[in-house]
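Written below as structure tokens is the structure these notes are about.
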Amino acid sequence: MVDALDSKSSAFGHVGSSPTAPTAVMGTYKRFPVTLLRGKGCWVWDDHGHQYLDAVAGIATCALGHSDRALRRSLGQQLKQLQHVSNLYRIPEQEALAHWLVENSCADSVFFCNSGAEANEAAIKLARKHGHRRRGIDRPIILTANSSFHGRTLAAISATGQPNFHKGFEPMVEGFEFFPFNNLQAFEQQLNRLEAQGPSVAAVLIEPLQGEGGVNPGEAGFFRRLRELCSQHQILLIFDEVQVGMGRCGNWWGYQQLGIEPDAFTLAKGLGGGHAIGALLVKQHADLFEPGDHASTFGGNPFACKAALTVAKEIERRGLIAKVQQRGAQLREGLTDLVQRFPRQLKGVRGWGLLQGLVLQDESTFTAPNVAQAALEEKLLVIAAGPKVVRMVPPLIIKPSEIRQLLQRLEATLAHFR
């Protein structure tokens, strides 16, 4: 048995081995050929000592950057006290985080879980319970947008309006229908058709800005009317704020960008600053869960909640919301300048705050993943949001000088494709 284990171990890669060496990790990601070992602020280092400017931040997750002093201190203290207990008992760190969230949002109560997909699963269950209890619907329908992304679990991916994510996993969970994002006429026609014979729609689940779907910002006029229609029909309006929430868009919450309030919204990513936590936040009238309706073993554990509360208070203490607005404007201005200087390659810029997308020309012969790959040569980390959008989601602490470096390295990357 020992020889067999040694044989297995020798077949797999290790730190310092070739980045393309086989590993025991399942191949669910098409990984870049880079092994990252440490980080500080907006910078990360690989196993060869190369330094990269990180405009990915764990995909909009490391709000305070890497190895943040306040996070290290608070989490070190928490590990000395209590790391995990069951939700069968009261958890002070969980209650403190919930209090902060409801004091600083439109919500009245919070359910904690471990990820964005889990938060959206909870939202889907909440929507169905609302449909059954409040609207008397036997088979509730949830409306979501084309090009949306709500997670990789089965119900969340069924809610995702991108058929390529469905392939190979059929049958999808029933009860989802899709409409064109920001298209009010199409939405109203679909809603009227579905409601013509009586109540059938329980909720609308929608991103204020579509991240994975191409960095598509919501239009305020569309969302205002969406809010009116949902209220008129007693339909829950649920925002997926997994990527835009916790200050990334230049406000605490994406709904503030649009001037309306949802009945519920979901969070994850930046909430934990790099630690696994998700949340469903609801207004009082949408708080329908009862004991036994939903649960999470690890959701809201003391360690994760301590991390999230530290992130929230550090964003406040450092005035990062205003800085995100300033740095976002600086980044957008620089990206707009690149569009003007690379007209054959680039089409435009879109996004909010420090969630910006550089849109490639439709006829360009290269893709956003090609750009992300080439950026590694310039020691820059960026990611794709679909085939034609290069996405930048740096830590919220990024400095003006680092924005300038990001733009310089991105320009050098684009020169590969002239």
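Heads up, residue numbers simply count up from 1 along the chain you see.
From the backbone N, Cα and C atoms, a Cβ is placed for every residue, glycine too.
In Swiss-Prot this protein carries:
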{"type": "BINDING", "residues": "G116, A117, F149, D240, E241, V242, Q243, T297", "note": "pyridoxal 5'-phosphate binding site"}
{"type": "BINDING", "residues": "R152, S296", "note": "N(2)-acetyl-L-ornithine binding site"}
{"type": "MOD_RES", "residues": "K269", "note": "N6-(pyridoxal phosphate)lysine"}
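Sequence features, as recorded in Swiss-Prot, placed on the structure.
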| residue | record | DSSP class |
| --- | --- | --- |
| G116 | pyridoxal 5'-phosphate binding site | helix |
| F149 | pyridoxal 5'-phosphate binding site | coil |
| D240 | pyridoxal 5'-phosphate binding site | strand |
| S296 | N(2)-acetyl-L-ornithine binding site | coil |
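The most densely surrounded of the binding-site residues Q243, S296, T297, judged by C-beta neighbours within 10 angstroms, is Q243. The full span of the recorded pyridoxal 5'-phosphate binding residues, G116, A117, F149, D240, E241, V242, Q243, T297, taken as their largest Cα to Cα distance, is 25 Å. The two recorded residues, E241 (pyridoxal 5'-phosphate binding site) and K269 (N6-(pyridoxal phosphate)lysine), have Cα atoms 9 Å apart.
D240 (pyridoxal 5'-phosphate binding site) sits 19 Å from S296 (N(2)-acetyl-L-ornithine binding site), taking the CA atoms of both as reference points. Neighbour density at the Cβ, taken as the number of other Cβ atoms within 10 Å, is lowest among the recorded positions R152, K269 for R152. When Cα-Cα distances from G116 (pyridoxal 5'-phosphate binding site) are compared across the recorded positions R152, K269, S296, the shortest belongs to K269. Annotated pair A117 (pyridoxal 5'-phosphate binding site) and R152 (N(2)-acetyl-L-ornithine binding site), C-alpha to C-alpha distance, rounded: 6 Å. Between the alpha carbons (Cα) of T297 (pyridoxal 5'-phosphate binding site) and R152 (N(2)-acetyl-L-ornithine binding site) lies a span of roughly 19 Å.
Sequence-distant neighbours of V242 (pyridoxal 5'-phosphate binding site) (same chain, six or more apart, CB under 8 Å from its CB) are G116, A119, N120, G151, T266, L267, A268, K269, G278, listed in sequence order. On its own chain, F149 (pyridoxal 5'-phosphate binding site) has T160, Q162, F165, E207, Q210, G211, E212, G213 as residues at least 6 apart in sequence with a Cβ closer than 8 Å to its own Cβ.
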